[in-house]
């Protein structure tokens, strides 16, 4: 009995992104730079949306919620990863692994649904502009955010208890840099094929539901844009939607590779590389993709920077 308890609740060992990195401090500096850039850029975007009245619209409200989710998402994984890189002590407790596993699933699921519902916002803005204030009222916006978090939480509450109840009586070494589901299941000494099939169906549903909303919304948007007579209106509509489509393609593409494509088609090293892309790089890229081509956001940033420079000059004088 003692051995059984130990096999279930003992600590795990995270092997990391690169198990045998030749320059660990260089890797640490790179990951830290990406982490700080991600946190700073998302915080700046949230502040700009909050203080600039021109950005008090449903679209920017949803973007601020996406930034908040990205901050929580990257903070769930990267700090532990950085500590492991510096201390060379890669152990993570069973409780810590469970918490990380739950938060990762919840936040990832919330992003799937939020990106899907954000396409509905674009559909209403372009296809039904006269009804936009009613169809995207503040109440509707909060319902969209709540629905996204609820969808993600269901994923976390369903999969986490089942994944963590398997007896891990083989090696305790997780060939990953965080407690991701496929890497954890490889440590189980019981047959997990039935659960993996159920998880596969669950992941398909988690992707299919928001992806259906995205496909339907952008099909209607393309039809509406095609019928527009003014070139300026077309350009503005395309520019508004292109950033969202880039983010959707990056996040959904990486998730489909990891959870939908059969595991025989990719190696553990490839899994870690793809996971690093959508857990570390995507939270940094999202604010850049949405902001660089957005005149409202860049204008708000220039306005704030101008105020800071002016106040600095006055103080110095």
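The backbone N, Cα and C atoms fix where each Cβ goes, glycine too.
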Matching range for Swiss-Prot feature annotation, transmembrane segment, among 140-160, 161-181: 140-160
Shared topological domain relative to the membrane, residue 59 and residue 230, Swiss-Prot: yes
Correct range for transmembrane segment (source Swiss-Prot, candidates 23-43, 296-316): 23-43
In contact by Cβ distance (the transmembrane segment (272-292), the transmembrane segment (61-83); 3 or more pairs under 8 Å): yes
Secondary structure content, the topological domain 'Extracellular' (84-97) (per DSSP, counts of residues): 8 helix, 2 strand, 4 coil
Segment confidence, the topological domain 'Cytoplasmic' (44-60), expressed as mean pLDDT: 91
Chain residues outside the transmembrane segment (245-265) and at least six past its termini with a C-beta under 8 angstroms from it: 108, 111-112, 115, 119, 180-182, 199-200, 203-204, 207, 211, 214, 218, 271, 274-275, 277-278, 282, 285-286, 289-290
Greatest C-beta neighbour count within 10 angstroms, which of the disulfide-bonded residues 97, 189: 97
